[in-house]
Amino acid sequence: MARKTLLAWAAILLILIVSYSFCSNNTFTGQNLSRNDLEYQLGKGNIESIFVYDNGDINGTFHDHVYGKKVFKSHVHPELVKELESKIASSPRKLLYENRPSTPSLLSVLFSWGPMLLILFFWIYMMRRISGSGSSGALSFGKSKAKLARSEDRNRITFKNVAGVEEAMAELQETVEFLKEPKKFTKLGGRLPKGVLLMGSPGTGKTLLAKAVAGEANVPFFSITGADFIEMFVGVGASRVRDLFEQGKKNAPCIIFIDEIDAVGGRRAFGFSGAHEEREQTLNQMLSEMDGFESNEGVIIVAATNRPDILDPALLRPGRFDRRVVVDRPDVRGREAILKVHVKKIPLADNVDLGIIARGTSGFVGADLANLVNEAALNAARNDQKTVEMQDFEFSKDKVTMGSERRSMFISDKEKTTTAIHEAGHALVALFMSNADPLHKVTIIPRGMALGLTQQLPEEDRHNYSKEYLTDQLAILMGGRCAEEIILNQQTTGASNDIERATEFARRMVCEWGMSELGPQNFISKEGGPFLGRSLTEKSRDYSELTAQKIDEEVKKIIKQAHETAGKIIKEKMGALKKLVDALLVSEILDGEQIKKIVGI
Ligand code: ADP
Ligand code: ZN
């Protein structure tokens, strides 16, 4: 065991000893009698037993009937012991009396030190367990906790269960080949990879991919998460790593999957703390295990992280996690493919168009999509349907993105009308802007924090926005407030989110995207570092006060322009708007086609 670990254990022991002796000094809960009290009690015959030591220390117990066998202690001057003995002899009641030499007997030493020794033995025992020797039995503290999953052929996870991450799958195909036929590769003197690092956001399918690799190669799959290594006690993690690798070698060829490796493999920081020390040791153990075993043994470590940036560079050195695979968020086509995988298990209605769902779920990862399909199926079951229909998917998509519907929320007719006018305003402007995404649906059913919702559906995922697109989007955002102003001559708080988003867009157009008269220049305030005497929240600005004013003016101009555009459309198409409001009040939800029909285009 490392010297540091021993030191840490020694420190724990020391603390225990100190706290024990501290306690034992205070464990006497009986009475402390003065000499006079003692003589008084003796005279009364209240004392049942008394032990007198040569040095004058006295302890004993009272009679049951007096204070319920309570213990007491006392002290007399050694010269007075003889005198006390005669008092004891003349006590009116018979009592147990013993005179003892002042050095405590072996028995009493054992008695007072026994618990201490027990604790000591227990700790030694634990230490030996943890250091790995004699690792059988119930107290498997240093065992790895890794879960073995060797699935039956029937429900084995393979690449068929994974979709939308083609690049990652292609890269892992090679790993599968290694595991299947290691000889084929080593024959030519090649070195097999030891570690594969999967990097990607949570829910993109990293665990799934690792399982699929094991499934494809038909080898056992051990999984553990980085946090499992870290325990309260220094040294436990390291021994768990050792145990994990031992298990792996016994079951080779196999895959060991370490989820959230950043919990152990985060960049080593300065400073000393127990947790830090523990992590450091665990990481070191992992590094030395990886260096120590031959990849030809057929154990491949697959680790996953969503924070590759904080990983200790030592982990990425050759011979360790030298294969790195990025698991991206899926694009539209990827999302459609993932949906296809997950709807295999449920009966679909004919009207379900997975392509449309994929288009409306930009930013969703595999786990979100699996969840979406599940929610849709649950909703269909709730309504006693035989198949899962498109509206179930719409329902679950909105639930996932916006929160649950709040049909039970009480809304007065007046409020409902206001919401209908607001949403109709958004929808109408969206319909007449030439660079906007097509209208998908409008609803006035409250959901999450929103009273209503107007949704557009991009044809493709958007990664790049033109100025025209943004300008149109701003006008659509203003449409809600505008309609309220024009029809009801009122301003409500319902537009606060629209205003917030519009302001952010406009500001970024000016400061980041160079889409204003200030030209293509970046005006973002940089976060000041914690150094240079600046506080973390303070921002540094490297442009003049005059420029700051100009930025504000430009932002104002852009928003004003958007507001005017929206107002113009709403005034021109007032008839269509009113029709839309009435239809919304009746059916509460309208899709793009219905809206077009109502408006007459
Ligand atoms: P990660 O490990 O990246 O956090 P998981 O592999 O645990 O993500 O994904 C959780 C679940 O989401 C999987 O069990 C699977 O049902 C679904 N899933 C995630 N990504 C995909 C994908 N690319 N293809 C199919 N299903 C996926
Ligand atoms: Zn709005």
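Including glycine, each Cβ sits where the backbone N, Cα and C put it.
Predicted, not measured: the structure shown is a model, and the values here were computed from it.
Per TrEMBL, transmembrane segment is recorded for 105-126.
The domain 'AAA+ ATPase' annotation in TrEMBL covers 192-331.
Here TrEMBL flags GLY200, SER201, PRO202, GLY203, THR204, GLY205, LYS206, THR207 as ATP binding site. Long-range C-beta contacts of GLY203 (ATP binding site), restricted to its own chain and to partners at least six residues apart, with a cutoff below 8 Å, comprise VAL365, GLY366, ALA367, ASP368.
Under the heading Zn(2+) binding site, TrEMBL lists HIS422, HIS426, ASP498. With a cut-off of 8 Å between CB atoms and residues at least 6 apart in sequence, the same chain places VAL442, THR454, ILE476, LEU477, GLY479, GLY480, ALA483, ASP498 near HIS426 (Zn(2+) binding site), listed in sequence order. Secondary structure at HIS426 (Zn(2+) binding site), taken from DSSP and collapsed to helix, strand or coil, is helix.
Summarising the annotation, TrEMBL assigns active site to GLU423. Cβ environment of GLU423 (active site): VAL442, THR443, ILE444, GLY452, LEU453, THR454, GLY480, LEU584 lie under 8 Å away, each six or more residues apart in the same chain.
Annotation: GLY205 carries the greatest number of neighbouring Cβ atoms among the binding-site residues GLY200, PRO202, GLY205 [cut-off 10 Å, Cβ to Cβ]. Listed in sequence order, the residues of the same chain lying 6 or more apart from THR207 (ATP binding site) and placing their CB within less than 8 Å of its CB are SER223, PHE257, ASP259, ALA304. Helix, strand and coil content of the domain 'AAA+ ATPase' (192-331), in residues and according to DSSP, is 64 helix, 29 strand, 47 coil. Filtering GLY200, SER201, PRO202, GLY205, LYS206, THR207 by Cβ distance to ligand 2 (under 6 A) retains none of these binding-site residues. A separation of roughly 40 Å, to the nearest angstrom, links the Cα atoms of GLY205 (ATP binding site) and HIS422 (Zn(2+) binding site). Each residue in LEU198, LEU208, ALA304, ASN306, VAL327, VAL365, GLY366, ALA367 lies on the same chain as GLY200, SER201, PRO202, GLY203, THR204, GLY205, LYS206, THR207 and has a C-beta within 8 Å of the C-beta centroid of that ATP site, without being one of the site residues. Screening the recorded positions GLY203, THR204, GLU423, ASP498 for a C-beta under 6 A from any atom of ligand 1 leaves GLY203, THR204.
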